[in-house]
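Remarks on the structure that follows.
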Amino acid sequence: GVPCRCDSDGPSVHGNTLSGTVWVGSCASGWHKCNTEHNIFHECCKE
């Protein structure tokens with residue numbers, strides 16, 4: 001999957017570890033949205 005930044009990863013600075021995964025639509029069952037950004041077409045999720 002495509003990595004994305006969770007709030008727990010810290011500020012969006014180049015070089016930070018991206019612990020989330022982009023899901024089109026909403027997060028898969030058993031996953032949760034991990035940031036507060038509002039995206040219409042995808043969510044940043046983690047297990």
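Placement of Cβ uses the backbone N, Cα and C atoms for every residue, glycine included.
Matching Swiss-Prot disulfide entries to the candidates CYS34, CYS45 identifies the partner of CYS6 as CYS34.
If you go by Swiss-Prot, CYS45 shares a disulfide bond with CYS27, out of CYS4, CYS27.
Listed in sequence order, the residues of the same chain lying 6 or more apart from CYS6 (disulfide bond) and placing their CB within less than 8 Å of its CB are LEU18, SER19, GLY20, CYS34, ASN35, CYS44, LYS46.
Counting every protein chain shown, the Cβ of CYS27 (disulfide bond) has 18 other Cβ atoms within 10 Å. Each residue contributes its Cα atom, and for CYS27 (disulfide bond) and CYS4 (disulfide bond) these two points are 13 Å apart.
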